[in-house]
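Participant: Structure incoming, see below.
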Amino acid sequence: MAIKHLFTSESVSEGHPDKIADQISDAVLDAIFEQDPKARVACETYVKTGMVMVGGEITTSAWVDIEEITRQTVREIGYVHSDMGFDANSCAVLNTIGKQSPDINQGVDKADPKEQGAGDQGIMFGYATNETEVLMPAPITYAHRLMQRQAAVRKNGTLPWLRPDAKSQVTFQYDQGKIVGIDAVVLSTQHSDSISTADLREAVMEEIIKPVLPAEWLSKETKYFINPTGRFVIGGPMGDCGLTGRKIIVDTYGGAARHGGGAFSGKDPSKVDRSAAYAARYVAKNIVAAGMADRCEIQLSYAIGVADPTSIMVETFGTEKVSQEIIIEAVRQFFDLRPYGLQEMLNLLQPIYKKTAAYGHFGREEFPWEATDKAALLRDFAGLK
């Protein structure tokens, strides 16, 4: 490991066009799951000026009002006036949803639910590190917290000239793998025409950055780039088109761990792209919480229609406190990583997904894959005190 190095991660707000798309896709999934938890859902969304298109493959007994779900989601994000470049009440909503292919269905559905096959082939990674209290890398954790703070002060009226679209980026300094400070902070936020650049920069510093970033990591050397172009009035879907599944690094570990390439939002848990990535995080987090390693990355792989993973890999980057063999044996013994098993283990057949679609899927204790309920078992198994 390099003695001293910098590492950077970024996040985007709930009003970023790609995140609008993710939230609509997951809002549709949740609405269907409220009526039919066994539904098959693959919902993709595209947003651009004045228009939302919702498509994909859905097989369900439920009936949901796609148009109203779409408008309500955009409304909650805060795009409610044409002055912002997008209006939930007047945008067009196009629905192009079809049904899941019976060829896929026959590989997934089995007479014995425990033998449910994976919905596709693929590789998934999960990661945990003890550098933050939520066992996530610090750069992505604090990038998300900046975006959550931006939304909070926008919605509660503290900074009424803020608009929904925003991005953050935080560069941490490490020395021998330990955080020693924050080198740079980038925060760009959409705003109304009424605020000057100087006033915006001061307000963002005082109301967003300072309340979020720990003072001990900031110094006179820390660099701040607040709306560095000087103007960000045109934003949201008017500035860029948005698509479901285009923020997969923001959704996961900010680049600090590997990624299998599969996106999450709009997919029911039969899609291992989503459910197995959650399970891999759960496994990695419990290994770190148990004190078996300081850092842990899990890779899983699957074949379409086959229940058992085709491979399980554990990487602890030389930080393990017990042998790799013990860790791998513990994973096999205490975690059921078949599609049905991990759905049951993590209680995934419930409408909890819209909340995941902004500010990251990991490091947020309200989600079942963030539980560390297996840590004591693992500690005992490994003989750790």
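In case you wondered, yes, glycine gets a Cβ from its N, Cα and C as well.
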Participant: Write down the single range among 100-110, 111-121, 188-198, 364-374 that appears in Swiss-Prot as region 'Flexible loop'.
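Facilitator: In Swiss-Prot, residues 100-110 carry the label region 'Flexible loop'.
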Participant: Quick one: mean pLDDT on the region 'Flexible loop' (100-110)?
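Facilitator: 65, rounded to a whole number.
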Participant: So which of the binding-site residues is most packed in, judged by how many other Cβ atoms lie within 10 Å of its Cβ, out of His16, Lys247, Lys271?
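Facilitator: Counting every other Cβ within 10 Å of each candidate, the maximum falls on His16.
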Participant: Rank the binding-site residues Arg231, Lys267 by the number of other Cβ atoms within 10 Å of each Cβ and report the first-ranked residue.
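Facilitator: That would be Lys267, with the highest Cβ count within 10 Å.
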Participant: Hey, what's the Cβ neighbour count for Ala166 (ATP binding site) at 10 Å?
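Facilitator: There are 27 of them.
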Participant: Out of Asp18, Glu44, Glu57, Lys271, the binding-site residues in the record, which is closest to Lys247 (ATP binding site) when you go by Cα distance?
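Facilitator: If we rank Asp18, Glu44, Glu57, Lys271 by Cα distance to Lys247 (ATP binding site), first place goes to Asp18.
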